[in-house]
Amino acid sequence: MGKKRTKGKTVPIDDSSETLEPVCRHIRKGLEQGNLKKALVNVEWNICQDCKTDNKVKDKAEEETEEKPSVWLCLKCGHQGCGRNSQEQHALKHYLTPRSEPHCLVLSLDNWSVWCYVCDNEVQYCSSNQLGQVVDYVRKQASITTPKPAEKDNGNIELENKKLEKESKNEQEREKKENMAKENPPMNSPCQITVKGLSNLGNTCFFNAVMQNLSQTPVLRELLKEVKMSGTIVKIEPPDLALTEPLEINLEPPGPLTLAMSQFLNEMQETKKGVVTPKELFSQVCKKAVRFKGYQQQDSQELLRYLLDGMRAEEHQRVSKGILKAFGNSTEKLDEELKNKVKDYEKKKSMPSFVDRIFGGELTSMIMCDQCRTVSLVHESFLDLSLPVLDDQSGKKSVNDKNLKKTVEDEDQDSEEEKDNDSYIKERSDIPSGTSKHLQKKAKKQAKKQAKNQRRQQKIQGKVLHLNDICTIDHPEDSEYEAEMSLQGEVNIKSNHISQEGVMHKEYCVNQKDLNGQAKMIESVTDNQKSTEEVDMKNINMDNDLEVLTSSPTRNLNGAYLTEGSNGEVDISNGFKNLNLNAALHPDEINIEILNDSHTPGTKVYEVVNEDPETAFCTLANREVFNTDECSIQHCLYQFTRNEKLRDANKLLCEVCTRRQCNGPKANIKGERKHVYTNAKKQMLISLAPPVLTLHLKRFQQAGFNLRKVNKHIKFPEILDLAPFCTLKCKNVAEENTRVLYSLYGVVEHSGTMRSGHYTAYAKARTANSHLSNLVLHGDIPQDFEMESKGQWFHISDTHVQAVPTTKVLNSQAYLLFYERIL
């Protein structure tokens, strides 16, 4: 009877709390306290029993480069096995062994978290219940029990001697650093610069590596202090010119993810703790993105994007709620007039979020018609740049895929350009670089057939074929739209107050619904094949940066979103007449904003300018120097911002040339005038240099049906000049300056393979850059350059922190690079 009574009880849940997890139903069957106490008598802690019997402990301990896997304790029988991040996965195999009763509950001996294999989720516990009492008992036994000297074998003695030698070396290095710090005290830092280790919560090395670099970003810590200030008042200029007084709004406290981030950065600056456990911050990230739950191997760049997007979304929500309170209406039901007013004020936000102020930059895509030489610009923001990494094998194959139908004169003129073009376009398209020639030819034929069908359909229905060549950017950075993709492939835009101004690269498009962890279907339109494919995000493992080739939805100029027909074409006939490459326009600049009152604001701004064609594609410095060295980060930036030719199926629909052919502008009646497609020139350059530049090297690629990692070493400098990749009118750059310098302060390195790898971080402990802080906080642009701040590099692998020379950092296999602006 007692069991029935306890079985029927339910745990009271507070609706206001977000931290409570669902109660595991397998605790009673997976927990055996009597067997556990017997098994923990005279046991060696934190050692996998199966690896020890296989004589693999000694071999793994001798390798300094390989990290020791986490050990999990079975709460049913006391078996100790290595976790999922190890090669053997003995703890998982122990659970999968058929038995009469399940051995599904395991306890991590590193961070004392409980995991249920049946639920495939973490089990929450407290000290009052049975599970919490068992965990407390195991922790006491682990702290009390110590191995006796007589029981130690020769192998363990050798291991302890090696550990003592390492500890003595570390102490000597620390003494040297302390002496150097005494001789050269920091000038601008009132507090001591510290680098601490981070506890691995279970395959969270991808998270720890990114957090180490963010903790060495002083500007982020300063802005978070400003955001946390209570009673912050923000003034927003009125959207209507008739209203002269700005709207004053009182901001609420920041969201839980932002508060957890601020708490984590403050904890990293404390000098008392040697190792920090970022459990609260990681749990908040998992609430924004459910894919990070489960302690699986994940991707660092994906984690960084979700983290920044989550904090930015919370900041936009603060502003939206403040605007509603300023109008005296905080209810969810609003009339249409008030809704429009709120959205107008949201668009007029004078101060961007702290994420955009630190990591935000701007890209400008320029397209020029070869006949009328009219220039059109597309501006969009970004948080990081995903750069292509070309493998030697893919580069050789792509060179052989040149079009053999070209004349000899064209080959002589464009041979070098076509080699780069083919290799780069192939890397961006959905045709894998490692596929056979037969599949590649078949894909090209299919693309040509679809292009012909689209041309025929366009003549019949008066549709336009290549708006994507004008209105979207073919590079791996695309504006992030808060879009909800339905299973039928239709694009439904959520009416939300959150302004998504970030950029997601085309291979991996994340929207706000991803942050809520809801699986969905995404319909993608690739650039080369113009075909549609549906990708089930729920069934795809995104570990280790497996990229999904998707593109963000495209809007036309009237605010209507472009939907796909049954034949895969894009219906953009309505509203295209508003976008014209009209060289006869008198104003120098016309902004064509793709905003609609009923939708969330986007970040792309289209404009047609009367700009000199000779200087439109010029950069602040010479860029041709970096076209030779293919193994450098400068060459990756060169490929990312390279000049492209829009020809053949990618021709530009030029309204100026169309009007000239029709002898002047006339009313566009269907079937009366013929559209003119011309060759065009296209290039993407940086038009706003971010204070903190984040570069992502796309090392993980798909070759046929297999996944591979490009282990090629990419050289990256300690001082990077971004001027060869910036426009002449680059913002945040003084008029006479021809250099845009950045200093390296953080690296995320991935070692291993696609299936089993490890992330580590290189971070530079240094003094804060005062000029950079003034730029971010106050917008001051100094005329002269500040010297690079000196500091000490550290290599951090979870809890292990070691000082390293600069040469070791520059020789690492970088996956993410963090640069700060030198001003």
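Backbone N, Cα and C define each Cβ position, glycine as well.
Swiss-Prot lists C74, C77, H94 as Zn(2+) 3-binding residues, and of the candidates H26, H103 the one it assigns to that same site is H103.
Per Swiss-Prot, the annotated SUMO2 cross-link among residues K140, K225, K288, K698 corresponds to K140. What Swiss-Prot records as phosphothreonine, among T6, T554, is residue T554. A count of other CB atoms within 10 A of each Cβ picks out C48 as the most crowded of the binding-site residues C48, C77.
For the recorded site, K140 (SUMO2 cross-link), the DSSP three-state label reads helix. Among the recorded positions listed (C77, H94, C205), H94 has its Cα nearest to the Cα of C51 (Zn(2+) 2 binding site). DSSP assigns C77 (Zn(2+) 3 binding site) to coil in the three-state reduction, placing it in neither a helix nor a strand. Distance noted between the C-alpha atoms of H103 (Zn(2+) 3 binding site) and K140 (SUMO2 cross-link) is 22 Å. Same-chain neighbours of the Zn(2+) 3 site beyond C74, C77, H94, H103, judged by a C-beta within 8 angstroms of the site's C-beta center, are, in sequence order, L75, K76, G78, H79, G81, Y95, V106. Secondary structure at C51 (Zn(2+) 2 binding site), taken from DSSP and collapsed to helix, strand or coil, is helix.
Classification of C82 (Zn(2+) 2 binding site) by DSSP places it within a strand.
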